[in-house]
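> The following feature annotations were taken from TrEMBL:
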type    : residues   : note
BINDING : E153, R162 : 3',5'-cyclic AMP 1 binding site
BINDING : E274, R283 : 3',5'-cyclic AMP 2 binding site
DOMAIN  : 84-203     : domain 'Cyclic nucleotide-binding'
DOMAIN  : 206-319    : domain 'Cyclic nucleotide-binding'
Amino acid sequence: MQQEIHHPIPFTNIFNDQADEASDQLSSLVSISNNYHTVSANRRTSVSAESIVPSTITEEAKLHIPKSDTQAKFIREALADIFLFKHLDSDQLHDVVFAMKECPVEAGTCVIKQGDDGDYFYIVQAGRFECYIEKGNHSQLVAIYGPKSSFGEVALMYNSPRSATITATQDCILFALDRTTFRSLLVNNMAHKRVTYETFLNKIPFIQSLPLNERRKIADALEPRFFADRETIITQGDAGDYFYLIVSGQVLVTNSIAPASEDIILGQGQYFGECALMDNVPRTATVIARGPLNCAVLPQQGFQRLLGPLFDNLKKHQH
Ligand SMILES: Nc1ncnc2c1ncn2[C@@H]1O[C@@H]2COP(=O)(O)O[C@H]2[C@H]1O
């Protein structure tokens with residue numbers, strides 16, 4: 001059901017358009033986040049960080065914002081759950097932790113406005129945010145973010161406009177990572193993963209129909225998972241969490257309620273785990289590795305967001 005959203009305060013872009021240097025951006029963030037009602041709503045028209053070569057950020061240019069041990073621990077724990085950061089080494093994670101700036105946000109503040117340029121990636125330290133996608137005069141609630149959740153990565157990853165509007169529903173505290181640091185650390189990693197999965201995705205029938213940029217988004221969101229022979233990947237009755245694509249190897253899909261003859265074997269380029277995620281029901285079968293198995297998985301949120309438009313198609317191709 002669609003619902004109307006009324007912003008308690010008129011939206012203002014809480015960041016200005018003059019700060020090309022990451023350090024300038026962050027100092028603006030601090031002063032502006034305390035004073036967001038009065039800030040100019042001008043959108044940035046150019047973003048210098050786009051042209052950055054990922055590995056060329058110099059030691060001098062790196063931000064180092066002092067943190068308490070508790071703050072650093074909190075950010076590390078939050079990053080550990082965010083797939084984008086999973087491939088960073090310990091030095092890179094250290095850079096992320098100390099580039100993040102703590103920002104208090106008052107209830108009612110619109111932190112991200114759909115359609116704007118992206119300037120920061122956020123981790124929620126405290127409080128609650130709502131994420132809406134605006135279509136015409138309506139806004140649809142698509143996510144709620146609490147402590148350790150993150151948002152704001154899409155526009156930074158793809159140089160695209162903000163894909164949703166995000167508003168604080170109570171007084172909150174965010175950690176914000178500037179665009180320059182985000183891209184310098186993550187774009188290299190993403191490029192590598194994209195190359196790895198793009199060719200694979202191009203061979204999967206229901207994904208082939210998507211435009212190139214959509215296929216790339218899926219490649220970027222996939223995470224590798226490896227399983228040993230006979231390892232149980234999914235247990236019937238459990239809640240759904242991931243969608244699995246088989247990169248190499250085979251699985252046995254078995255339904256304890258249906259007769260054994262219903263068991264099926266899936267191999268390279270096929271997928272499983274979609275039913276529970278599409279229909280929001282418990283896992284409908286148990287899936288076991290048949291020999292060593294290499295999968296690429298999409299977490300539930302990414303699955304809904306990236307493959308949502310293909311659900312009809314997915315159902316048609318269902319085994
Ligand atoms: N359907 C969705 N479900 C969850 N989060 C979303 C959804 N659409 C957009 N977002 C988040 O909202 C953010 C808005 O800014 P970005 O597009 O940079 O990054 C986006 C994601 O982090």
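Any Cβ shown, glycine's included, is placed from N, Cα and C.
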> Neighbour count, 10 Å Cβ-Cβ cut-off, for R162 (3',5'-cyclic AMP 1 binding site): what number do you get?
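Total other Cβ atoms inside 10 Å, all chains included: 20.
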> Give me the CA-CA distance between R283 (3',5'-cyclic AMP 2 binding site) and E153 (3',5'-cyclic AMP 1 binding site), in Å, as a whole number.
30
> If you count the other Cβ atoms within 10 Å of each Cβ, which of the binding-site residues E153, E274 comes out on top?
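Highest number of other Cβ atoms within 10 Å: E274.
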> Have a look around R283 (3',5'-cyclic AMP 2 binding site) and count the other CB atoms within 10 A of its CB, chains all included.
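There are 19 of them.
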> What Cα-Cα separation, expressed in whole Å, is found between E274 (3',5'-cyclic AMP 2 binding site) and E153 (3',5'-cyclic AMP 1 binding site)?
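Taking the Cα atoms only, E274 (3',5'-cyclic AMP 2 binding site) lies 24 Å from E153 (3',5'-cyclic AMP 1 binding site).
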> For R283 (3',5'-cyclic AMP 2 binding site), which DSSP three-state class applies?
coil
